[in-house]
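Undergrad: Below are the C-alpha coordinates for one structure; questions will follow.
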Amino acid sequence: MSDTFHVSRSYGFERQLQVYMAGLQGQRPTIAVNPEALEQQASAAMTPEAQGYLGGMGSSMRANREAFQRWQIVPRMLRDVSQRDLSVEILGTRLPVPFLLAPIGVLSIIHPEAELAVARAAKALEIPMLLSTASSKNMEEVASAMGETPHWFQLYWSKDFDLTASLVQRAEQAGYQAIVVTLDTTLLGWRDQDIQNAYLPFLLGQGLGNYVSDPVFRRALPDPPEENPFAAVRHFVNIFTNPALTWNDLAFLRQHTKLPILLKGILHPDDARRALDSGIEGIVVSNHGGRQVDGAQAALDALPRVVDAVKGQVPVLFDSGIRRASDIFKALALGARAVLLGRPYVWGLAQGGEDGVSEVLQNFLADLDLTLALSGHTSYSALTRDALVREP
Ligand SMILES: Cc1cc2nc3c(=O)[nH]c(=O)nc-3n(C[C@H](O)[C@H](O)[C@H](O)COP(=O)(O)O)c2cc1C
Ligand SMILES: O=C(O)C(=O)c1ccccc1
(Lines of atoms letter the chains of each structure in order from A and count residues from 1; the text may use other names and numbers.)
(Lines give C-alpha, C1' and ligand atoms only; values in the text may rest on other atoms or scores of the structure.)
(Ligands and ions follow the chains in the order given, each with its own letter.)
Protein backbone atom coordinates (compact mmCIF):
# COMPACT_ATOMS: atom_id res chain seq x y z
CA MET A 1 0.00 0.00 0.00
CA SER A 2 1.45 3.35 -0.93
CA ASP A 3 1.71 5.89 1.87
CA THR A 4 0.08 8.52 -0.30
CA PHE A 5 -3.34 6.89 -0.15
CA HIS A 6 -6.36 9.14 0.09
CA VAL A 7 -9.95 8.18 -0.52
CA SER A 8 -10.37 9.82 -3.88
CA ARG A 9 -13.52 10.35 -5.82
CA SER A 10 -12.42 7.86 -8.46
CA TYR A 11 -11.33 5.31 -5.90
CA GLY A 12 -13.90 2.63 -6.72
CA PHE A 13 -13.15 2.72 -10.41
CA GLU A 14 -9.38 2.67 -9.87
CA ARG A 15 -9.59 -0.29 -7.54
CA GLN A 16 -11.79 -2.16 -10.01
CA LEU A 17 -9.23 -1.64 -12.78
CA GLN A 18 -6.31 -2.54 -10.53
CA VAL A 19 -7.83 -5.84 -9.40
CA TYR A 20 -9.09 -6.60 -12.88
CA MET A 21 -5.73 -5.94 -14.56
CA ALA A 22 -3.90 -8.07 -11.99
CA GLY A 23 -6.47 -10.81 -12.68
CA LEU A 24 -5.82 -10.61 -16.42
CA GLN A 25 -2.14 -11.19 -15.70
CA GLY A 26 -2.96 -14.37 -13.84
CA GLN A 27 -3.03 -12.86 -10.34
CA ARG A 28 -6.61 -13.32 -9.23
CA PRO A 29 -7.38 -12.03 -5.71
CA THR A 30 -6.36 -14.61 -3.11
CA ILE A 31 -8.65 -13.01 -0.52
CA ALA A 32 -12.14 -13.55 -1.91
CA VAL A 33 -13.98 -10.43 -3.03
CA ASN A 34 -17.42 -11.85 -2.28
CA PRO A 35 -18.28 -11.80 1.46
CA GLU A 36 -19.79 -15.29 1.63
CA ALA A 37 -16.78 -16.75 -0.14
CA LEU A 38 -14.50 -14.72 2.14
CA GLU A 39 -16.15 -16.17 5.23
CA GLN A 40 -15.84 -19.71 3.89
CA GLN A 41 -12.19 -19.22 3.02
CA ALA A 42 -11.48 -17.79 6.44
CA SER A 43 -13.25 -20.68 8.17
CA ALA A 44 -11.11 -23.15 6.28
CA ALA A 45 -8.02 -21.28 7.53
CA MET A 46 -9.10 -21.44 11.20
CA THR A 47 -9.24 -24.15 13.85
CA PRO A 48 -12.78 -25.31 14.73
CA GLU A 49 -12.34 -23.55 18.09
CA ALA A 50 -11.51 -20.22 16.49
CA GLN A 51 -14.41 -20.66 14.07
CA GLY A 52 -16.71 -21.27 17.02
CA TYR A 53 -15.41 -18.18 18.79
CA LEU A 54 -16.03 -15.99 15.75
CA GLY A 55 -19.54 -17.44 15.40
CA GLY A 56 -22.58 -16.53 17.44
CA MET A 57 -26.17 -17.46 18.02
CA GLY A 58 -27.48 -18.62 14.67
CA SER A 59 -30.87 -17.00 15.20
CA SER A 60 -29.70 -13.48 16.06
CA MET A 61 -26.99 -13.51 13.44
CA ARG A 62 -29.50 -14.61 10.82
CA ALA A 63 -31.94 -11.93 11.96
CA ASN A 64 -29.23 -9.30 11.49
CA ARG A 65 -28.76 -10.33 7.88
CA GLU A 66 -32.45 -10.76 7.10
CA ALA A 67 -33.18 -7.25 8.32
CA PHE A 68 -30.92 -5.82 5.61
CA GLN A 69 -32.80 -7.73 2.92
CA ARG A 70 -36.06 -6.01 3.87
CA TRP A 71 -34.68 -2.63 2.79
CA GLN A 72 -33.84 -1.88 -0.80
CA ILE A 73 -31.95 0.97 -2.40
CA VAL A 74 -33.82 2.87 -5.11
CA PRO A 75 -31.11 4.34 -7.37
CA ARG A 76 -31.63 7.82 -8.85
CA MET A 77 -30.42 8.88 -12.28
CA LEU A 78 -28.77 11.84 -14.04
CA ARG A 79 -27.66 13.75 -10.95
CA ASP A 80 -23.93 14.44 -11.64
CA VAL A 81 -22.22 12.08 -9.25
CA SER A 82 -18.72 12.82 -10.51
CA GLN A 83 -17.60 14.38 -7.19
CA ARG A 84 -18.14 12.06 -4.25
CA ASP A 85 -17.45 12.32 -0.56
CA LEU A 86 -17.17 9.24 1.67
CA SER A 87 -16.41 11.21 4.82
CA VAL A 88 -18.69 11.81 7.78
CA GLU A 89 -18.47 14.23 10.68
CA ILE A 90 -18.67 12.88 14.19
CA LEU A 91 -17.82 14.36 17.62
CA GLY A 92 -16.24 17.35 15.95
CA THR A 93 -13.90 15.34 13.73
CA ARG A 94 -14.22 14.27 10.16
CA LEU A 95 -13.78 10.56 9.58
CA PRO A 96 -12.47 9.93 6.05
CA VAL A 97 -14.84 6.98 5.61
CA PRO A 98 -18.27 6.26 7.11
CA PHE A 99 -17.08 3.31 9.20
CA LEU A 100 -14.71 2.34 12.00
CA LEU A 101 -13.34 -1.11 12.72
CA ALA A 102 -15.46 -2.68 15.46
CA PRO A 103 -13.84 -3.71 18.76
CA ILE A 104 -13.14 -7.43 18.54
CA GLY A 105 -11.38 -9.05 21.48
CA VAL A 106 -8.51 -11.53 21.52
CA LEU A 107 -7.40 -11.32 17.91
CA SER A 108 -4.24 -13.32 18.71
CA ILE A 109 -6.49 -16.36 18.30
CA ILE A 110 -6.87 -15.42 14.65
CA HIS A 111 -3.35 -14.20 13.85
CA PRO A 112 -0.18 -13.72 15.95
CA GLU A 113 0.10 -10.02 15.02
CA ALA A 114 -3.52 -9.59 16.11
CA GLU A 115 -4.66 -5.99 16.67
CA LEU A 116 -1.31 -4.62 15.49
CA ALA A 117 -1.83 -6.12 12.02
CA VAL A 118 -5.31 -4.62 11.99
CA ALA A 119 -4.07 -1.21 13.12
CA ARG A 120 -1.35 -1.12 10.45
CA ALA A 121 -3.79 -1.97 7.67
CA ALA A 122 -6.30 0.56 9.00
CA LYS A 123 -3.75 3.34 9.34
CA ALA A 124 -2.42 2.87 5.79
CA LEU A 125 -5.97 3.38 4.49
CA GLU A 126 -6.92 6.10 7.00
CA ILE A 127 -9.65 3.91 8.45
CA PRO A 128 -10.50 4.60 12.11
CA MET A 129 -10.31 1.79 14.67
CA LEU A 130 -12.08 1.02 17.91
CA LEU A 131 -9.84 -1.09 20.14
CA SER A 132 -11.36 -3.68 22.50
CA THR A 133 -10.53 -3.73 26.22
CA ALA A 134 -9.97 -7.45 25.67
CA SER A 135 -7.29 -6.92 23.03
CA SER A 136 -4.28 -9.21 22.86
CA LYS A 137 -1.90 -6.28 22.30
CA ASN A 138 -1.91 -3.44 24.75
CA MET A 139 -3.60 -0.15 23.99
CA GLU A 140 -0.39 1.91 23.98
CA GLU A 141 1.18 -0.23 21.22
CA VAL A 142 -1.96 -0.08 19.13
CA ALA A 143 -2.27 3.69 19.58
CA SER A 144 1.23 4.25 18.29
CA ALA A 145 0.52 2.03 15.29
CA MET A 146 -2.54 4.18 14.53
CA GLY A 147 -0.66 7.49 14.71
CA GLU A 148 -2.88 10.35 13.55
CA THR A 149 -5.67 8.11 12.26
CA PRO A 150 -8.68 8.29 14.58
CA HIS A 151 -8.76 5.58 17.26
CA TRP A 152 -11.29 5.06 20.03
CA PHE A 153 -11.21 2.76 23.07
CA GLN A 154 -13.96 0.28 23.90
CA LEU A 155 -14.45 -0.17 27.64
CA TYR A 156 -15.51 -3.26 29.51
CA TRP A 157 -16.48 -1.76 32.83
CA SER A 158 -14.71 -3.81 35.49
CA LYS A 159 -16.13 -4.61 38.92
CA ASP A 160 -12.95 -2.95 40.16
CA PHE A 161 -13.76 0.73 39.62
CA ASP A 162 -10.14 1.74 40.14
CA LEU A 163 -9.18 -0.53 37.27
CA THR A 164 -11.96 0.98 35.13
CA ALA A 165 -10.63 4.46 35.86
CA SER A 166 -7.07 3.35 35.16
CA LEU A 167 -8.01 1.85 31.76
CA VAL A 168 -9.82 5.01 30.76
CA GLN A 169 -7.00 7.28 31.88
CA ARG A 170 -4.45 5.18 30.03
CA ALA A 171 -6.59 5.41 26.89
CA GLU A 172 -6.77 9.18 27.24
CA GLN A 173 -3.00 9.42 27.80
CA ALA A 174 -2.30 7.18 24.81
CA GLY A 175 -4.30 9.48 22.54
CA TYR A 176 -7.58 7.63 22.06
CA GLN A 177 -10.26 10.14 21.15
CA ALA A 178 -13.41 8.58 22.61
CA ILE A 179 -14.53 5.93 25.10
CA VAL A 180 -17.19 3.48 23.94
CA VAL A 181 -18.73 1.62 26.87
CA THR A 182 -20.19 -1.75 25.92
CA LEU A 183 -23.42 -2.24 27.84
CA ASP A 184 -24.65 -5.56 26.44
CA THR A 185 -21.90 -7.80 27.79
CA THR A 186 -22.01 -7.58 31.56
CA LEU A 187 -21.90 -11.39 31.35
CA LEU A 188 -21.07 -13.54 28.35
CA GLY A 189 -24.05 -15.06 26.54
CA TRP A 190 -24.63 -18.84 26.42
CA ARG A 191 -22.45 -19.59 23.42
CA ASP A 192 -23.13 -23.15 22.37
CA GLN A 193 -20.01 -23.58 20.30
CA ASP A 194 -17.52 -22.14 22.77
CA ILE A 195 -18.97 -24.21 25.57
CA GLN A 196 -19.02 -27.37 23.46
CA ASN A 197 -15.40 -26.74 22.48
CA ALA A 198 -14.35 -25.72 26.03
CA TYR A 199 -13.03 -22.57 24.41
CA LEU A 200 -13.28 -19.30 26.24
CA PRO A 201 -10.16 -17.55 25.00
CA PHE A 202 -9.49 -15.46 28.09
CA LEU A 203 -9.66 -18.60 30.27
CA LEU A 204 -6.63 -19.68 28.27
CA GLY A 205 -4.95 -16.42 29.24
CA GLN A 206 -5.44 -14.68 25.91
CA GLY A 207 -6.84 -11.20 25.50
CA LEU A 208 -5.32 -9.85 28.70
CA GLY A 209 -2.99 -7.36 26.99
CA ASN A 210 -4.57 -4.32 28.61
CA TYR A 211 -4.85 -5.99 32.01
CA VAL A 212 -1.36 -7.40 32.53
CA SER A 213 0.04 -3.99 31.52
CA ASP A 214 -2.14 -2.17 34.04
CA PRO A 215 -0.72 -1.11 37.44
CA VAL A 216 -4.09 -1.41 39.23
CA PHE A 217 -4.65 -4.91 37.85
CA ARG A 218 -1.11 -6.00 38.77
CA ARG A 219 -1.37 -4.64 42.29
CA ALA A 220 -4.38 -6.87 42.94
CA LEU A 221 -2.47 -10.06 42.08
CA PRO A 222 -0.60 -12.27 44.57
CA ASP A 223 2.33 -12.64 42.09
CA PRO A 224 3.26 -10.91 38.81
CA PRO A 225 1.25 -12.34 35.89
CA GLU A 226 4.52 -13.39 34.17
CA GLU A 227 5.21 -15.73 37.10
CA ASN A 228 1.69 -16.85 37.83
CA PRO A 229 -0.52 -16.46 34.75
CA PHE A 230 -3.20 -18.64 36.28
CA ALA A 231 -3.82 -16.18 39.13
CA ALA A 232 -4.05 -13.36 36.59
CA VAL A 233 -6.69 -15.24 34.60
CA ARG A 234 -8.63 -16.06 37.76
CA HIS A 235 -8.62 -12.43 38.84
CA PHE A 236 -9.60 -11.27 35.36
CA VAL A 237 -12.61 -13.61 35.31
CA ASN A 238 -13.73 -12.25 38.68
CA ILE A 239 -13.54 -8.59 37.81
CA PHE A 240 -13.78 -8.30 34.02
CA THR A 241 -17.36 -6.99 33.89
CA ASN A 242 -19.99 -5.85 36.28
CA PRO A 243 -23.63 -6.95 35.99
CA ALA A 244 -24.57 -4.62 38.87
CA LEU A 245 -23.98 -1.49 36.77
CA THR A 246 -26.82 1.03 36.44
CA TRP A 247 -27.33 4.31 34.65
CA ASN A 248 -26.21 6.09 37.81
CA ASP A 249 -22.68 4.71 37.45
CA LEU A 250 -22.04 6.70 34.28
CA ALA A 251 -21.30 9.75 36.43
CA PHE A 252 -18.21 7.92 37.73
CA LEU A 253 -16.84 7.58 34.23
CA ARG A 254 -17.46 11.24 33.50
CA GLN A 255 -15.39 12.17 36.56
CA HIS A 256 -12.45 10.18 35.26
CA THR A 257 -12.22 11.29 31.66
CA LYS A 258 -12.54 14.36 29.50
CA LEU A 259 -13.13 12.21 26.43
CA PRO A 260 -16.53 11.88 24.78
CA ILE A 261 -18.44 8.81 26.00
CA LEU A 262 -20.54 6.61 23.73
CA LEU A 263 -22.74 3.70 24.80
CA LYS A 264 -22.64 0.52 22.69
CA GLY A 265 -25.37 -2.10 22.63
CA ILE A 266 -28.57 -0.06 22.73
CA LEU A 267 -31.66 -1.50 21.02
CA HIS A 268 -34.64 -0.05 22.93
CA PRO A 269 -35.68 3.57 22.25
CA ASP A 270 -36.32 4.10 25.97
CA ASP A 271 -32.71 3.18 26.67
CA ALA A 272 -31.68 5.68 24.00
CA ARG A 273 -33.71 8.38 25.78
CA ARG A 274 -32.18 7.33 29.09
CA ALA A 275 -28.73 7.62 27.52
CA LEU A 276 -29.51 11.18 26.41
CA ASP A 277 -30.62 12.05 29.94
CA SER A 278 -27.29 10.84 31.25
CA GLY A 279 -25.49 13.34 29.03
CA ILE A 280 -23.43 10.95 26.92
CA GLU A 281 -22.08 11.96 23.51
CA GLY A 282 -23.22 9.08 21.31
CA ILE A 283 -24.95 5.72 20.96
CA VAL A 284 -24.09 2.54 19.11
CA VAL A 285 -27.14 0.49 18.10
CA SER A 286 -25.92 -3.11 18.19
CA ASN A 287 -26.86 -6.61 19.26
CA HIS A 288 -23.16 -7.47 19.57
CA GLY A 289 -23.23 -9.35 16.28
CA GLY A 290 -25.80 -11.82 17.62
CA ARG A 291 -23.44 -13.14 20.31
CA GLN A 292 -25.26 -12.22 23.50
CA VAL A 293 -29.02 -12.82 23.44
CA ASP A 294 -30.41 -15.62 21.32
CA GLY A 295 -33.51 -14.27 19.63
CA ALA A 296 -32.53 -10.63 20.14
CA GLN A 297 -34.03 -8.11 17.77
CA ALA A 298 -32.02 -7.52 14.62
CA ALA A 299 -29.94 -4.40 15.15
CA LEU A 300 -31.09 -2.85 11.85
CA ASP A 301 -34.73 -3.28 12.91
CA ALA A 302 -33.96 -1.37 16.10
CA LEU A 303 -32.18 1.47 14.33
CA PRO A 304 -35.06 3.65 13.01
CA ARG A 305 -36.85 3.80 16.38
CA VAL A 306 -33.64 4.70 18.20
CA VAL A 307 -32.85 7.38 15.61
CA ASP A 308 -36.35 8.81 16.07
CA ALA A 309 -35.97 8.82 19.85
CA VAL A 310 -32.59 10.56 19.71
CA LYS A 311 -33.86 13.30 17.37
CA GLY A 312 -30.38 14.27 16.22
CA GLN A 313 -29.21 15.24 19.71
CA VAL A 314 -26.20 12.91 19.58
CA PRO A 315 -24.76 10.77 16.77
CA VAL A 316 -26.18 7.27 16.48
CA LEU A 317 -23.76 4.64 15.20
CA PHE A 318 -24.67 1.14 14.14
CA ASP A 319 -23.22 -2.37 13.90
CA SER A 320 -24.23 -6.04 13.57
CA GLY A 321 -24.51 -7.65 10.17
CA ILE A 322 -22.58 -5.27 7.91
CA ARG A 323 -21.15 -7.47 5.16
CA ARG A 324 -20.83 -5.17 2.16
CA ALA A 325 -21.03 -1.54 1.15
CA SER A 326 -24.75 -1.55 0.42
CA ASP A 327 -25.33 -2.50 4.09
CA ILE A 328 -23.42 0.61 5.16
CA PHE A 329 -25.45 2.65 2.70
CA LYS A 330 -28.71 1.31 4.17
CA ALA A 331 -27.70 1.92 7.80
CA LEU A 332 -26.67 5.49 7.01
CA ALA A 333 -29.87 6.12 5.05
CA LEU A 334 -31.79 4.90 8.12
CA GLY A 335 -30.08 7.54 10.23
CA ALA A 336 -26.79 6.08 11.47
CA ARG A 337 -23.97 8.63 11.37
CA ALA A 338 -21.36 5.88 10.84
CA VAL A 339 -21.12 2.11 11.30
CA LEU A 340 -18.73 -0.39 12.81
CA LEU A 341 -17.36 -3.09 10.55
CA GLY A 342 -16.92 -6.35 12.49
CA ARG A 343 -16.34 -9.91 11.31
CA PRO A 344 -15.37 -9.18 7.66
CA TYR A 345 -12.03 -7.63 8.61
CA VAL A 346 -11.31 -10.59 10.90
CA TRP A 347 -11.87 -12.93 7.93
CA GLY A 348 -9.17 -10.99 6.10
CA LEU A 349 -6.87 -11.19 9.16
CA ALA A 350 -7.34 -14.96 9.35
CA GLN A 351 -6.00 -15.44 5.86
CA GLY A 352 -3.37 -12.82 5.36
CA GLY A 353 -2.65 -10.83 8.52
CA GLU A 354 -2.17 -7.14 7.75
CA ASP A 355 -2.37 -7.69 3.97
CA GLY A 356 -5.55 -9.71 4.32
CA VAL A 357 -7.20 -6.96 6.37
CA SER A 358 -6.02 -4.39 3.85
CA GLU A 359 -7.52 -6.32 0.91
CA VAL A 360 -10.90 -6.56 2.61
CA LEU A 361 -10.86 -2.87 3.51
CA GLN A 362 -9.83 -1.74 0.04
CA ASN A 363 -12.67 -3.74 -1.46
CA PHE A 364 -15.07 -2.10 0.99
CA LEU A 365 -13.85 1.36 0.03
CA ALA A 366 -14.25 0.65 -3.67
CA ASP A 367 -17.70 -0.81 -3.22
CA LEU A 368 -18.71 2.13 -0.99
CA ASP A 369 -17.66 4.64 -3.61
CA LEU A 370 -19.40 2.83 -6.47
CA THR A 371 -22.58 2.16 -4.50
CA LEU A 372 -22.88 5.83 -3.63
CA ALA A 373 -22.35 6.99 -7.20
CA LEU A 374 -24.60 4.44 -8.85
CA SER A 375 -27.40 5.13 -6.37
CA GLY A 376 -27.31 8.76 -7.49
CA HIS A 377 -25.79 10.30 -4.35
CA THR A 378 -22.58 12.19 -3.70
CA SER A 379 -22.23 12.13 0.07
CA TYR A 380 -22.78 9.47 2.73
CA SER A 381 -23.47 12.16 5.28
CA ALA A 382 -26.43 13.47 3.27
CA LEU A 383 -28.34 10.19 2.83
CA THR A 384 -31.93 10.01 4.08
CA ARG A 385 -34.62 7.34 4.26
CA ASP A 386 -35.89 8.49 0.84
CA ALA A 387 -33.00 6.57 -0.67
CA LEU A 388 -34.65 3.29 0.41
CA VAL A 389 -37.92 1.42 0.21
CA ARG A 390 -39.04 -1.24 2.65
CA GLU A 391 -40.29 -4.55 1.35
CA PRO A 392 -44.09 -4.57 1.81
C1 LIG B 1 -15.09 -12.59 17.97
C2 LIG B 1 -15.77 -11.33 18.42
C3 LIG B 1 -15.29 -10.66 19.54
C4 LIG B 1 -15.90 -9.48 19.95
N5 LIG B 1 -15.36 -8.80 21.01
C6 LIG B 1 -15.91 -7.62 21.38
C7 LIG B 1 -15.32 -6.85 22.41
O8 LIG B 1 -14.30 -7.20 22.96
N9 LIG B 1 -15.95 -5.70 22.78
C10 LIG B 1 -17.09 -5.26 22.17
O11 LIG B 1 -17.64 -4.23 22.52
N12 LIG B 1 -17.64 -5.96 21.16
C13 LIG B 1 -17.07 -7.13 20.74
N14 LIG B 1 -17.62 -7.79 19.71
C15 LIG B 1 -18.79 -7.24 19.00
C16 LIG B 1 -18.36 -6.32 17.85
O17 LIG B 1 -17.82 -5.13 18.33
C18 LIG B 1 -19.56 -5.96 16.96
O19 LIG B 1 -20.60 -5.46 17.76
C20 LIG B 1 -20.07 -7.16 16.17
O21 LIG B 1 -18.97 -7.92 15.66
C22 LIG B 1 -20.94 -6.72 15.02
O23 LIG B 1 -21.46 -7.82 14.35
P24 LIG B 1 -20.90 -8.33 12.91
O25 LIG B 1 -19.47 -8.64 13.10
O26 LIG B 1 -21.70 -9.56 12.65
O27 LIG B 1 -21.17 -7.24 11.94
C28 LIG B 1 -17.02 -8.97 19.26
C29 LIG B 1 -17.49 -9.65 18.13
C30 LIG B 1 -16.86 -10.80 17.69
C31 LIG B 1 -17.37 -11.46 16.44
O1 LIG C 1 -16.65 -12.38 22.52
C2 LIG C 1 -17.20 -11.27 22.62
O3 LIG C 1 -18.21 -10.96 21.98
C4 LIG C 1 -16.66 -10.32 23.54
O5 LIG C 1 -17.22 -9.28 23.63
C6 LIG C 1 -15.46 -10.64 24.32
C7 LIG C 1 -15.48 -10.46 25.69
C8 LIG C 1 -14.35 -10.79 26.42
C9 LIG C 1 -13.22 -11.27 25.82
C10 LIG C 1 -13.20 -11.43 24.45
C11 LIG C 1 -14.33 -11.11 23.69
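Each Cβ is built from the backbone N, Cα and C atoms, and glycine gets one as well.
Automatic prediction, not curation, is the source of TrEMBL annotations.
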Undergrad: To which of SER82, SER132, SER136, SER213 does TrEMBL also attribute binding of glyoxylate at the site defined by TYR53, TYR156, ARG191, HIS288, ARG291?
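TA: Answer per TrEMBL: SER132.
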Undergrad: Please pick, from THR182, THR185, THR241, THR371, the residue that TrEMBL records in the FMN site together with PRO103, ILE104, GLY105, GLN154, LYS264, SER286, ASP319, SER320, GLY321, ILE322, ARG323, GLY342, ARG343.
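TA: The one candidate that TrEMBL places in that FMN site: THR182.
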Undergrad: Do me a favour and check the Cα-Cα span between PRO103 (FMN binding site) and ARG191 (glyoxylate binding site); whole Å is fine.
TA: 19
Undergrad: For each of SER132, THR182, SER286, SER320, count the other CB atoms within 10 A of its CB; which of these binding-site residues has the top count?
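TA: When each Cβ's neighbours within 10 Å are tallied, SER320 leads.
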Undergrad: Averaging the per-residue pLDDT over the domain 'FMN hydroxy acid dehydrogenase' (27-392), what integer do you get?
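TA: Mean model confidence (pLDDT) across the domain 'FMN hydroxy acid dehydrogenase' (27-392) is 97.
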Undergrad: Three states by DSSP: which one describes ARG191 (glyoxylate binding site)?
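TA: In the DSSP reduction, ARG191 (glyoxylate binding site) maps to coil.
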Undergrad: Give me the long-range Cβ neighbours of HIS288 (active site, proton acceptor): same chain, 6+ apart, Cβ under 8 Å, in sequence order.
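TA: Non-local contacts for HIS288 (active site, proton acceptor): THR182, ASP184, THR185, GLY189, GLY265, SER320.
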Undergrad: With a 10 Å radius around each C-beta, find which of these binding-site residues (ARG191, ARG291) has the fewest other C-beta atoms nearby.
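TA: Counting other Cβ atoms within 10 Å of each of the binding-site residues ARG191, ARG291, the minimum falls on ARG191.
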